[in-house]
Amino acid sequence: MSQQTTIRKLAELVNTPVDKLLVQLAEAGMKFSGPDQVVTSTEKMKLLGFLRRTHGKAETPAEAASEAAKKITLNRRKLQEVTVSAGRTKTTVNVEVRQKRTYVKSENEGSGRATPMTPDEERADILAKLAASRQRNLDEQQRLAESDRVRDEEIQRKRDEEQAAKDRAEAERKAAEEAAAAASAPAPAPVAAAPTPSAAAPAARAPSSPSSAPRPSRPGGASPASRPSTPARPDDRNNAAKHKTRGSHVMVAGVEDDDATKRFAGQLHLSAADRARRSNVRGKPTGRPGSSSSRRGNDNGRGSNQANSGPHGFERPTAPVVREVAIGETITVADLAQKLALKGGDVVKALFKMGVMATITQSIDHDTAALVTEELGHKAVRADNADFEDALLAHAEDAQGDTTTRPPVVTIMGHVDHGKTSLLDYIRRTKIASGEAGGITQHIGAYHVETDRGVISFLDTPGHAAFTSMRARGAKITDIVVLVVAADDGVMPQTKEAVAHAKAAGVPLIVAVNKIDKAGADPLRVKNELLAENVVAEDFGGDTQFIEVSAKVGTGVDTLLDAISLQAEVLELKAVAEGRASGTVIESSLDKGRGPVATVLVQQGALKRGDYLVCGIQYGRVRALFDETGHQPGSAGPSIPVQVLGLSGVPEAGDDFVVVDDERLAKDVAQQRETKRRESRLVASATNRMEDILAQMGKGEGQQVLNLVIKADVQGSVEALKQSLVALSNEDIRINVIHSGVGGITESDANSAAASKATIIGFNVRADASARKIVESNGVDLRYFSIIYDVIDQVKQVASGLLGVEIREEIMGIAQVRDVFRSSKFGAVAGCMIIEGVVKRSKPIRVLRDSVVVFEGELESLRRFKENVDEVRNGNECGIGVKAYNDVKAGDQIECFERIEVARTL
């Protein structure tokens, strides 16, 4: 291969155009006719030296190294603090100053000495330089000490002069006060004030001064000097004496300068003393312009009014300031910091020390805020935010009037399928149970029935375990509880729960033993079982009425109604029949054609169409009233359930309602309640999020989450579904209801489910067209239900699918090693006796020595009578070769096991 390099090849090597390379060669003094000419190594080095000189570098690497040895670069970093003013506060900022300096050693420095110095000479030179440096430092210290001494002497001299001036001014002030006190004696006419010794010279020149000459009298009035003036008060004379002394001039009573005349124009009725006093109040001296008094006020450079004024407006507190902070139900950290006059970070830091992790924008409850306030040294008081609630209470008190007897409110309670709704059907002579999905009641039904014994309002509550809150709500608003117990089934869990609700509400109990017409009915068993729940029948010496009835044939229904009427008479139920109405929401729903619908039970007053009412966090005007038959009554009195249309939203079941005079008050009360509820919910959600984070930190990634969106026809069903499904959560899976509501499944519900990968549960509702489109496009799991049993079962199945499978180990057999043989093919072979179960060649094994696992692996061979077998059962001998393990000893046990997958369930 030729070592010659052409210009073209060199241009390719250095990645430079051929024309440019030819130009550079020509500039370097080398002529070439074309790109195909050969370039020698000498010419290459010559070109390289030319290019280095052009760029300001050494021609050769040796020269570059020599130049680098003559240079030294020093980098210096210095940290310092700079104070920056930010408004009224000052902030300290850390600043890093970086300096870079390059020193070049000149050629004559190295050539200044022909021969290098000996070590002794170098040591002497270093000592001489050190002594010179020490002398320079000593001289500098002496110079600084001398300048400090001169400065201190100058400061001390100025302080002495200022103190002497203050002493002279104090002596002059005391002399002036004594002279003013002597001149304050009653005199027949005002006379000129006696000049003090210090003011003698200016007083002698006073007549020649044109500004001190008396002015001619003003037209239309006497001159101030000739007008009688009121006697000046002692303090006014003292002030005037001060100004006379400090101003070093004499003021004659009634003679004023031009500046004073301008200032008091239109106030000629004032005396000289009053003018002097007002001048002092305004902070301006009463002396003539140009005098020392008007120029500098007093010897200290301050106005004379400051000498007589009280303390200044702000004094730095010497003790910690304890503030009284008003805190509501919730408060944000930023608002609390503002009330405490602290930075938000300080409050957040105090919360962290107390174990509460919160940001500056997060809301905290009253107890936490009170604790951190006391921790910071201040006092916390509860803020009174019940302004609108007080107005609402005043409205309720105004509605008091004459009371009349009202119908009783009777709640039918009991276990599921014990015949509660069927009994009410017979009383109403209608069929209601057939209209309920699955034949069970899934929301509170409110009815009022006119019987021969008067009007009775009935509330039919669900008996399923999921509707605990509904039954508790029904017990709170009722007067009498009728406990329905099937004679053939006895006391069940929801029966006991209903008894507990009735006792907690303090409501009298009447037991209706239903299904008495069936063959297996045993009323005595029911009485004995209820006796364990402290419900004692009258024939057992108790006070509870037991009525045997049959909802199918009507046996004992009249006796039950008589018992209800008798109990109502004993209770003497009364209420105000006229005036503003108030009561409780029994159930609520969202009707697509009518809007929010609330079933309410009126407890006081009369509810009429057009009334403004507040219902929890909702408000509105009553547009229409409907009873359980669909008719529109003119009004609803006490103990009458009706449906109300016209609210701003769907209220929660169990909320109280009250009628107010105007819509403004109703809106204010509803908004205040909503604000409080939202703040409380934020505090609770923040706490739950923190608990979830801590729980996840402790559990790792083991817990699965199933997100749900629940929509139902009525509020009570939503509440029951949420409680029942969330209760399915355990340490392995968590049921999370991300959204719930009343009404059909809308587009926003579908979007929310798609974003969070949630399952939509529609209970007696359906999805609209837009929601179905989103569900289909995003693959959202949408399920419709009408019976609460099915909802719970389906969610259990879905949750169990998320749990996956559990791997379990099952021991199949155990072999006892009796002796160990050696094999050229397998190594150590254990002669064993199967003492338990069966040993299979395809299963994994463990080797146990003294009941301790020493090896885990698999079998390499399993033989019986020199034949390979797949398994050996209990009581037989065999030879076992363990794969990759030769340390088998007599007395060991070989355990054969298998791994099986078990589906996990809730």
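Glycine residues also receive a Cβ, built from the backbone N, Cα and C atoms like all the rest.
DSSP assigns Thr461 (GTP binding site) to coil in the three-state reduction, placing it in neither a helix nor a strand. Per Swiss-Prot, GTP binding site is recorded for 414-421, 460-464, 514-517.
Per Swiss-Prot, compositional bias 'Basic and acidic residues' is recorded for 136-177.
As annotated by Swiss-Prot, compositional bias 'Low complexity' applies to 178-232 (among others).
Swiss-Prot lists 287-305 (among others) with the feature compositional bias 'Low complexity'.
For 405-574, the entry in Swiss-Prot reads domain 'tr-type G'.
The annotation region 'Disordered' is assigned in Swiss-Prot to 134-250 (among others).
Annotated region 'Disordered' per Swiss-Prot: 269-317 (among others), in sequence order.
Note on the region 'G1' (414-421): its mean pLDDT in the predicted model is 82. Taken from Swiss-Prot, the feature region 'G1' applies to 414-421.
The region 'G2' annotation in Swiss-Prot covers 439-443, and the record cites similarity to another entry as its basis.
Per Swiss-Prot, region 'G3' is recorded for 460-463, and the stated evidence type is similarity to another entry.
DSSP states for the region 'G4' (514-517), grouped as helix (H, G, I), strand (E, B) and coil, give 0 helix, 1 strand, 3 coil. Taken from Swiss-Prot, the feature region 'G4' applies to 514-517.
Long-range contacts of the region 'G4' (514-517) within the same chain, counting only residues at least 6 positions beyond its ends with a Cβ under 8 Å from a Cβ of the stretch, are 418-419, 422-423, 484-489, 523, 548-553, 555-556. Across the region 'G1' (414-421), DSSP classifies residues as 2 helix, 1 strand, 5 coil.
The binding-site residues considered are Gly414, Ile516; of these, Ile516 has the fewest other C-beta atoms within 10 angstroms of its C-beta.
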